[in-house]
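Structure, as structure tokens:
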Amino acid sequence: MDWLLFRNICLLILFMVVLGVNSEFIVEVKELDIENGTTTWQTVRRQKREWIKFAAACREGEDNSKRNPIARIRSDCEVSQRITYRISGAGIDRPPYGVFTINPRTGEINITSVVDREITPLFLIHCRALNSRGEDLERPLELRVKVMDVNDNPPVFTQNVYTANIEENSDANALVVKLSATDADEDNHLNSKIAYKIISQEPAGAPMFMVNRYTGEVRTMSNFLDREQHSMYNLLVRGSDRDGATDGLSSECDCRIKILDVNDNFPILEKTSYSASIEENCLSSELIRLQAIDLDEEGTDNWLAQYSILSGNDGNWFEIQTDPKTNEGILKLVKMLDYEQEPNIYLSIGVRNQAEFHHSVASQFQMHSTPVRIQVINVREGPTFRPSSMTFSLRGGMRGDSLMNYVLGTYTAIDMDTGSPATNVRYVIGHDAGSWLKVDSRTGEIQFSREFDTKSKYITDGMYAAEILAIDDGSGRTATGTICIEVPDANDYCPVIYAESRSVCTHASSVRIYVNDHSFGAPFTFCVVDESPDTADIWDIRSINGTSAILMTEQTLSPGPYQIPILVKDSHNRACELPQTVLLDACLCDDYHVCLHSSTTGIYTGDTIWVTDDMGTVTDDGLRQSNVGLGPAGIGMIILGLLLLFLSPLLLLMCCCKRRQPEGLGTRFAPVPEGGEGVMQPWRIEGAHPEDRDVSNICVPMTASNTQDRIDSSEIYTNTYAGGGTVEGGVSGVELNTGVGTAAGIAAGGATGTLRKRSSTIGTLREYQDTGMNMAFLDSYFSEKAYAYADEDEGRPANDCLLIYDHEGTGSPVGSIGCCSWIVDDLDESYMETLDPKFRTLAEICLDTEIEPFPSHQACIPISTDLPLLGPNYFVNESSGMTLSEAEFQAEMAAASEPMIHGDIIVTETYTATDPCVQPTTIVFDSQLPPNVVVTETVMAPVYDVQGNICVPAEIANTHNVYYAERVVASPGVPDMGNGNIGDTCIGPVMSGGILVGPEIQVTQMMSPDIHISQTTRSTSPMTSQHRVTRYSNIHYSRQ
């Protein structure tokens, strides 16, 4: 470790060199600024060239001249030249002036006057060394002269008198007040350390308070404070510096503590019992006064008493209140007493305070009862009204003399001594707001003195009130009673009834009647008046609800008119003066209860008959008409009917006859058959029920054309069902449906001109429920499914490793089971080359190579590419016997669109799993076509045998972001594929040679009812899987 020691020595030498080069150290110290009361950081510089002598300390309030010179400054430069020393700062050229002086030659600094630390605790002197030209030879020096503190300031309290409050019975050590004193001497020094002490307490006695020596907090010594004994304490507190030493300075202050009252004393009554007397039938506002004694502070809620009657006041004759000035309880008589009933009454009075009792004594309180005897004096009593008020009812409809002669009733007074009606009394009406009443002075009979208005303001809620007085002739005593009169409302309109039916049958006589009243509402009461003999016996009336009833009879009537008098009463049991007569006409009726002749029904009231004619109008002798008529709703319905009658010919003119179009593709809904492949069947395999069938692969020659079609389209869609190919003289599994929204173009073997209709170029059957499974389709199906599973395994790196099985202790009975875990063993893989097609996919997975399929035994028919521009258009109908029809037409050449700016190109290859002998067609981009083209290549060959190329025109060279994808489309030979849909949109015409040209072509994938084919990209579906994406920066154009 010698190198470590050597390193430390080198670092120490380097540090010393740096220290020698630097000329000074700066040290910061904390200094208090007395003038503005702030603390600042000052710097003390230690010079390498020592040219000062530290100043001596100075004591305040003393003559420090005997210590002169208190400091001396000297520079090394004085050896070579003459130096003048100068000083400046506080005490020199700033207040206080003239405290320090300096010898400019020797540099001695002297103090010349007495200093005060409380004014200037520190003097900062700036020293300079000047040459003869007045230039600084040294850096200016700061000289600090500290003034030493002397205990020359006594403590000073912030207040001369402190005032505090505290409740009596407070807990011990409760804070009362905090005293505060300051000392001008140096902080954090013994001269400024103050100690507090209680010197005296008034009133004298046991000390009740103590003070904290250092904080000045005054607290209680115990919980014995009692306001009833002493309500005020005066304390004399002294504060001494030097921590209370005898040589310290001190000052004193007064502390006045007021004891607050709490409700800790229970009130008691001055006497143990009370008594009083009063005459019967008299009231008293001050029957007796009860004095309560309470030691708490007067005028407060702790002192005010709250009186209560505990018992004896069964008739609520007495009340007791508190006089807040004297704290007395005033007993009042609020109801008259009866000597005959209660000659003596004994009360129990209790008292407590209005404020709650203090928690220290609340549990000890018990209310004590004080007895009070009330003696009732018997006197000769005057008359009185029993009951004190009486209600009378007035019959409605009374006017004039009948009202004046009507007697409401008699209201007389009784003699309380005897209990019989009073004799020597006279009656007069007292308060009568409307002056409507009069009374017989001897009998007390009450009558009306004038007519009155039932709508008068003196009538409240149908009730009129007045007073009656009974005056004793002997004693002059007066009794007062109240008269209440129920005034009925004027019934200006009688309840009017009317019948529902105008005629009744003789064998089933019943009619419904209704009541209408303007003044009073339901319920109404109905009764038949027996004016003529046996009227009430024949007719019976029953109420249905509050406003209607049914009039009926159980007897068989004779044909002819009938008059039934009916009396109707309202809810106040009032009715019209005369009963109302209902006129009915009994007639012979047929089986449908219809009268054989018309009749007239009316209502007879006295001399007036209200008749209802056939038109429903009620007349009063032909003069008055009722309010029955045609309303706005009826008029509106009539007008609406007339309008509909006039508009019906116009509506018939708008109707047109249309022929029913023949049913075609998509005109009816084809339900999924019961054996559809979209449903799992009992045989637990995908597809139709397995059948042993010999299905040969059909490969027929196809016709193609190199003619390029150009079309400008805005809304074009194409659906393609591809199976085996297009044949000459026959059709096998190809269907092309092209729909053009707005397009014009040329097609060989198809429709020409402006294509706006949906046409079927080549069609065949799409349902193959009775055919077998296409082995080529299964081959492609499982191959693509295996590729999809391989793609998923590539996305799972955690499973991409060799798995070693754990040894479980015993060997396997099958010895070769362990070899399957090592794929690196040498295996003879040559036998996999001769496997059947159904095992070819498994072999390709194991060998990681693509096995060439066996050559087809069927000869490949060459595709003819020399097709004329004008050719036949073949249509194949779906039937067992194929019928071919031929049509020729001349197409019109459409103008080519202008090339667009080069952009991205998406090229999509869609392969159809079918016979491997068909070669893929070629996509050719014409030079007139713009970029941004999506191209779909449809190949009638298995996926693994496709060997084509993509040709791109020259004008889209150097184009980036070319998207290339492969999709597998199921063959129509697969069962239940006829119900599937192929593609949503395909823009551009389909040529017979398989060439697709268009400004923007997009083909979507084939949709199939098969659940595996309908899976999305990157899933386990073998029919729709995306394999590779290649980006081309340069695409060469070639034509084949």
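Any Cβ shown, glycine's included, is placed from N, Cα and C.
Record check of N545, N877 in Swiss-Prot: the feature N-linked glycosylation site is attached to N545. In summary, of the candidate residues N36, N110, the record from Swiss-Prot lists N-linked glycosylation site for N110, whereas the others have no such entry there. Here the glycosylation sites are N110, N545, and the one whose Cβ sees the fewest other Cβ atoms within 10 Å is N545. Distance between Cα atoms for N110 (N-linked glycosylation site) and N545 (N-linked glycosylation site): 128 Å, as a whole number. Under DSSP, N110 (N-linked glycosylation site) is assigned to a strand (E or B) in the three-state scheme.
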